[in-house]
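Noted in Swiss-Prot for the protein shown:
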BINDING   GLY249, PRO250, PRO251, GLY252, THR253, GLY254, LYS255, SER256  ATP binding site
COMPBIAS  323-332  compositional bias 'Basic and acidic residues'
COMPBIAS  462-484  compositional bias 'Basic and acidic residues'
REGION    313-334  region 'Disordered'
REGION    462-492  region 'Disordered'
TRANSMEM  7-25  transmembrane segment
Amino acid sequence: MLEVGTIWGFTSTTMASIMFLWPMYKQFVPYQLREYLENTIQKYLDKLFRRDSNFVYIRFPEYTGEGLSKSRAYDEIGNYLSSISTARAKRLKAKESENSKSLVLCLDDDEAVVVVFQGVNVVWSSTVVDKEDKHNSKEGRYLTLTFENHHRDIITNTYIDHVLREGKEIALKNRERKLYTNNDSSSYSSWWEGLWSNVPFNHHASFETLGMDLDKKEEIKKDLIKFTKGKDYYRKVAKPWKRGYLLFGPPGTGKSTMISAIANFLEYDVYDLELTTVKDNAELKKLMLDTKGKSIVVIEDIDCSLELTEHRKKKKEEDEDKEEKKEAENLKRVSGNNESNVTLSGLLNAIDGLWSACSDEKIIIFTTNFVDNLDPALIRRGRMDYHIEMSYCRFEAFKVLAKNYLENESHDLYGEIGRLLEEVDVSPADVAENLMPKSDEDDADICFRRLVKSLEEEKKKKIEKEARKNKKKAEDNVKQEKQNKVKGMVTK
């Protein structure tokens with residue numbers, strides 16, 4: 001009878017060889033033949049390894065909870081394996097990292113690596129279920145830990161904790177913040193392609209460079225810091241550890257820049273949720289569940305994303321009075337599956353219902369140009385806890401922009417610019433455009449004079465607009481007086 005050590009050495013060599021040949025095997029061998037061979041090999045392996053219960057297998061799937069959420073353990077184990085695979089694995093997968101000068105190498109799919117922990121040999125293998133295997137499609141990717149049964153205590157009580165701890169430390173060291181966007185539900189046919197796509201988050205906005213009143217910026221920063229330290233407090237008051245921010249104001253006032261500044265200040269990932277591509281309420285719930293903690297979920301221009309406004313509520317009442325609700329639903333069915341069926345109640349439940357407590361330390365931000373158009377239920381305190389008005393550019397915000405764009409903190413034109421900014425409404429984006437040098441010859445003086453000229457033109461337009469408005473009002477008054485006289489004569 002073979003000794004356990006002999007079997008173990010044979011197993012390690014065999015698994016490494018199989019993982020090396022596996023991609024070619026899947027590519028060139030027909031599926032029906034593969035299925036037969038795999039069943040035969042499985043029977044052999046069962047007899048070889050499981051007959052005396054010498055080996056234990058622990059599987060760590062990529063997704064947990066019936067595929068609803070990403071497994072943290074899977075990610076942490078992946079980080080751990082990436083640190084040891086470079087020198088040991090035959091096949092590696094290369095990934096770019098913004099925080100590293102070189103490529104990050106990790107264990108490739110369908111590959112195995114042998115690890116020694118306190119004198120104990122274990123095998124880690126990475127597996128991807130064949131997409132043609134419909135019965136196991138929910139397995140997706142998974143990592144398997146194999147070890148001898150008599151080492152069960154040290155593996156389950158010590159080694160796994162060691163792996164997860166190492167994985168967390170590596171993640172913090174090499175953390176690269178991401179900007180996510182949800183995939184169009186009509187563009188992917190299989191769940192393993194993922195609900196979210198991501199790119200590195202490289203926006204460099206900060207509160208220091210944000211064109212806004214200094215006191216207001218400090219107030220927002222203090223609120224954010226208080227939130228990040230509020231884990232115990234939120235648990236004490238029995239509330240999910242999340243906070244909602246509503247950014248509202250005219251176009252160009254810096255709402256998107258504010259989001260980037262918040263993300264950089266907290267070092268959070270950003271999930272840009274495009275509601276119009278979400279199929280229905282169930283898919284919206286899955287998207288929210290698939291977001292991680294220490295993140296910001298953003299819905300920009302929410303008044304334009306879906307019909308979630310007060311106008312929709314009034315229209316619905318009119319439709320019910322005219323008994324047109326059924327007809328509208330029929331038309332919706334005919335329009336096909338590409339139209340989003342997300343409802344206001346579905347959105348409210350996703351951000352503030354029972355499922356919202358499934359992940360901690362999360363900020364939800366809505367932006368809108370027209371806050372009065374939004375349904376009051378959507379922006380009430382408790383959902384959108386902090387309302388931040390992004391207003392037109394005034395003198396304090398101008399000074400921040402002048403320092404950022406021109407490295408200038410004083411000029412003879414500051415007084416005139418401050419006076420004009422109080423008289424006209426211009427966005428920080430418009431001011432920044434005038435302050436930005438257009439050529440190498442443009443110095444601070446040229447840029448400030450260009451801004452003054454632009455502000456004077458805006459003031460002229462404002463005066464002309466008010467004059468036209470007053471003229472029309474006077475004409476309307478004269479017209480109304482004539483109508484009243486005629487009406488009085490007819491009455492007599």
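Glycine residues also receive a Cβ, built from the backbone N, Cα and C atoms like all the rest.
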PRO250 (ATP binding site): tally of other CB atoms within 10 A of its CB: 15
Number of helical, extended and coil residues in the region 'Disordered' (462-492), per DSSP: 30 helix, 0 strand, 1 coil
Nonlocal neighbours by CB distance (under 8 Å) for THR253 (ATP binding site), same chain, sequence gap 6 or more: MET390, SER391, TYR392, CYS393, SER427, PRO428, ALA429
Shell of the ATP site beyond GLY249, PRO250, PRO251, GLY252, THR253, GLY254, LYS255, SER256, same chain only (C-beta within 8 angstroms of their C-beta centre): ASN369, MET390, SER427, PRO428, ALA429
Cβ neighbours within the same chain of GLY254 (ATP binding site) - under 8 Å, at least six residues apart: LEU210, GLY211, MET212, MET390, SER427, PRO428, ALA429
GLY252 (ATP binding site), number of other Cβ atoms within 10 Å: 19
LYS255 (ATP binding site): tally of other CB atoms within 10 A of its CB: 22
Among GLY249, PRO251, which are binding-site residues, the residue with the most C-beta atoms within 10 angstroms of its C-beta: GLY249
Spatial neighbours of SER256 (ATP binding site) that are distant in sequence (at least 6 apart) but have CB under 8 A: GLU300, THR367
